[in-house]
Amino acid sequence: MTAQLIDGVALARQWRARVAERAAALAARGHRPGLAVILVGDDPASQVYVRNKVKACGEAGIHSVLETYPASLTQDELLARIAALNADPTIHGILVQLPLPPHIDAQRVIEAIAPAKDVDGFHVANAGALLVGQRGYWPCTPYGCMKMLEHIGIELRGKHAVVIGRSNIVGKPMALLLLQANATVTICHSATANLAHHTRQADVIVAAVGRPRMLTADMVKPGAVVLDVGINRLPDGKLCGDVDFDAVREVAGWITPVPGGVGPMTIAMLLLNTVEAAERAAG
Ligand code: NDP
């Protein structure tokens with residue numbers, strides 16, 4: 001059996017169209033949604049991500065401001081910019097592209113963003129809201145994964161989900177969202193003994209590690225849903241995920257490709273969080 005493909009590009013297009021409608025409705029009431037994107041330094045991957053986010057905003061009718069600074073920007077200068085954006089009524093979402101240069105404390109910067117404008121969902125207030133089941137802003141990548149699961153119509157109640165990776169931006173919030181959806185959740189990480197033992201029991205696997213093709217076909221239960229969050233650049237310049245796509249596709253029930261899977265959904269959820277922030281601000 002060959003797995004069915006979850007087309008992140010097509011699903012993201014649907015979500016972006018819905019966001020565009022909501023943005024237009026807000027704009028008609030004089031509340032055009034606005035996103036500020038801050039990029040510090042010249043990391044090439046970050047430049048691509050930021051460009052894609054700004055372009056997506058434009059297409060959805062969200063006003064966006066891109067602020068780029070040299071790597072020499074001081075932490076205090078960055079904090080001052082965030083304070084100004086927190087106070088700017090035309091800006092509803094603030095995104096600081098990570099990673100930041102090593103002399104800047106990323107957590108400190110994230111905590112400086114007003115939680116109501118933290119559309120990345122990384123602020124401790126939003127992380128805490130997710131933990132206790134209150135509605136804050138969910139981090140865009142796990143949010144996009146949940147929309148993909150919803151789209152294929154899988155009932156998560158009683159299913160076993162295995163998340164590989166425990167970062168604050170992907171693995172942990174992913175596990176919490178799956179838990180909230182009544183899945184039984186296992187979180188694996190670099191110190192997990194016998195990873196395959198866990199993944200083989202999973203009805204749903206989310207791979208968020210950053211190691212090319214580490215999830216191999218023998219680690220997957222036939223029919224499982226496999227979401228591949230990883231984005232890895234191979235020596236030949238091509239992108240690949242954390243899943244050995246060609247082989248796993250022959251075992252899994254559903255699978256996301258890389259590129260064209262989780263990545264586009266991440267951007268769509270950023271737009272969704274931004275329009276929601278603007279709706280809340282508009283009352
Ligand atoms: P991090 O490096 O922060 O986290 C990686 C996680 O993988 C850690 O928890 C680590 O464990 C775990 N890990 C490392 N090696 C192993 C191993 N051998 N077995 C099991 N677990 C392991 O990465 P992120 O969470 O930020 O990102 C993960 C991947 O997703 C990256 O490829 C990134 O580029 C991609 N990404 C994609 C996005 C998208 O839009 N599609 C958005 C964000 C990220 P430990 O905690 O013990 O170190």
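Please read every residue number as a count from 1 along the shown chain.
Every residue gets a Cβ built from N, Cα and C, even glycine.
Remember, TrEMBL labels are computer predictions, not curated facts.
Not measured: the values here are computed from a predicted model.
Quick look at what TrEMBL annotates:
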BINDING   Gly165, Arg166, Ser167, Ile231  NADP(+) binding site
DOMAIN    6-120  domain 'Tetrahydrofolate dehydrogenase/cyclohydrolase catalytic'
DOMAIN    139-281  domain 'Tetrahydrofolate dehydrogenase/cyclohydrolase NAD(P)-binding'
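Listed in sequence order, Lys172, Ala175, Ile187, His189 are the same-chain residues six or more apart from Arg166 (NADP(+) binding site) with CB atoms under 8 A from its CB. Across the domain 'Tetrahydrofolate dehydrogenase/cyclohydrolase catalytic' (6-120), DSSP assigns 60 helix, 18 strand, 37 coil. Around Gly165 (NADP(+) binding site), a 10 Å sphere centred on its CB holds 23 further CB atoms from the protein chains shown.
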